[in-house]
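A short write-up of the structure that comes next.
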Amino acid sequence: MSETDPDGDPETETTDGPDSADDSSAMIRPKWREDLLLIAKIVLATYVGFFVVGILSGAGINSTVGTLQSITFWAALFALGALALNLHWGYTGMFNIGVAGFMAIGAYTMSIAIASPDGSPAGFGLPIPVGIILGMIAAGIAGLVLVIPTLRVRADYFAIVTLGFSEIVRLSVQSRSLRRIGDTEYGTGGGQGIRATPVDSVIPWLFDQPVIGDVGNVFLEIGAAIGIASSVLMRGMYTGVLILFVIAFYILLTRIAYSPFGRVLKAIRDDELAAKSLGKRTDRAKIVAFAVGCALMGLVGTLWMGSRTHISPDSFMPLITFYVFVALIVGGSGSNTGSVIGGFAFAAFIFEGPRFVRTIVRENLGTDFPRTAYGAFAELGGGDPTAMIGYVLYQQADEVRYILLGVVLIVIMIKRPDGLLGHRKEISAGVDLTRRGAVADGGRPAVGGDTDAAAADDRQSNTGDDNDSQMETNDPDTTTAENGGKDHE
């Protein structure tokens, strides 16, 4: 009979009865309900907070809803990137800081594959889903080619290799030599870039699809009735597609994490030499994990560029990799739930937060602020603090993002060095060896009790039982009885 352990995780089960004599610990399983509820609470609280502040500050319904849509869009992208990176760094311990390079490979491959054959540069005119798949395959193959010769490279040295590879990719697509393939201008467009899709963007293409288009038109009608612009709702539809990909990523990577293959990856992360000594093929596991993670990063690149009409090398600067790493650090490496929460928190409060404050300042204080620090200090010296506030929060909103980013990282490193959910890093064992399991005698704890006090009582009781047993052994009558009366014979 299977029952839920009252002192354990809600998704962890123990088994009582004769068949469970070998199960000394509860099997480790995902906490689906707890994690989904935690994500929902954080997302809902953030949405309510931004919406209330936006309406009360006079930002307007369109501006506020647009901010929420933008937060969700970037949160989905950063969550996707953090989930893919978590497979490398959080589970396998591979320090990959070339995320932007693999995103570029996926995005450029998709763009070239689906671009119009009559365009400049020309493409192959393939359907968009085929282009997305080709982008994933290309990024996965690139990761495979990179990881095989670098298996012996560890830690910071592996990070240097991946960073160098990312820059090689960016500079290569920027080079004029790749603008032409043969006699035809099939290529990356060099520094000028390439048109991302054969349509204005993937968003109108989604509305042309049978089911998605019908649902989208319903949302457009509802939005028009309450005064929300159609452009905001159309971007929201594409953001909804990204959310579906986040769910798919989360389920896939969680299944991998709790599979035998995932336990091997976590064993490599904890101690690769120990895992290898147990007969695990660590090199093959690292190759597969790195290739799969790179393919997912390529998919993130295609999804990001799908909302844009133009793709250029400047879109894949190392700063993108840094953003993804910060999202993972905030949430906690080694936790898929932490990756999602970290991506959302980073997008809402660090990436889009300063822009939202800028909108509020514009609606309440206008836009007539000094454009230089000298002018702001001059007016501040004259007794007008509004100029300095406007200069910092409106003119320099993007720079405030970097200041906020540094402050958040410092606080995280001091208060929660493992991230918000880093303490929940999954262990590599298939069972939790720190838990006390059940045995076949009706569910009585094998060692100790449910609490430390009960454990102490059991140890004291066991000591008393041992003394009684010793006394009985020394008792000649007891010895005679146990020997079946042999002494009398």
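Using N, Cα and C of the backbone, Cβ positions are placed for all residues, glycine too.
Pulled from TrEMBL:
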type	residues	note
COMPBIAS	1-22	compositional bias 'Acidic residues'
REGION	1-25	region 'Disordered'
TRANSMEM	36-61	transmembrane segment
TRANSMEM	67-87	transmembrane segment
TRANSMEM	94-114	transmembrane segment
TRANSMEM	126-148	transmembrane segment
TRANSMEM	237-258	transmembrane segment
TRANSMEM	287-307	transmembrane segment
TRANSMEM	319-351	transmembrane segment
REGION	439-489	region 'Disordered'
COMPBIAS	470-482	compositional bias 'Polar residues'
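Of the two recorded stretches, the transmembrane segment (237-258) does not lie close to the transmembrane segment (94-114), with fewer than three CB pairs under 8 Å once pairs fewer than 6 apart in sequence are set aside.
Between the transmembrane segment (36-61) and the transmembrane segment (319-351) there are 3 or more Cβ pairs closer than 8 Å, counting only residues 6 or more apart in sequence, so the two stretches are in contact. If you look at the transmembrane segment (287-307), the same-chain residues 6 or more away from its ends with a CB under 8 A from one of its CBs are 73, 77, 80-81, 83-85, 87-88, 91-92, 94, 96, 99, 102-107, 109-111, 128, 131-132, 135-144, 146-148, 151, 196-197, 201-203, 235, 238, 241-242, 245, 249, 261, 265, 315-316. Within the chain carrying the transmembrane segment (94-114), a Cβ under 8 angstroms from the stretch's Cβ atoms is held by residues 81, 84-85, 88, 121, 123-128, 130-132, 134-139, 142-143, 146, 155-156, 158-159, 162-170, 173, 186-188, 194-198, 286, 289-290, 293-294, 297-302, 304-306, 311, 313, 315-321, 324-325, all 6 or more beyond its ends.
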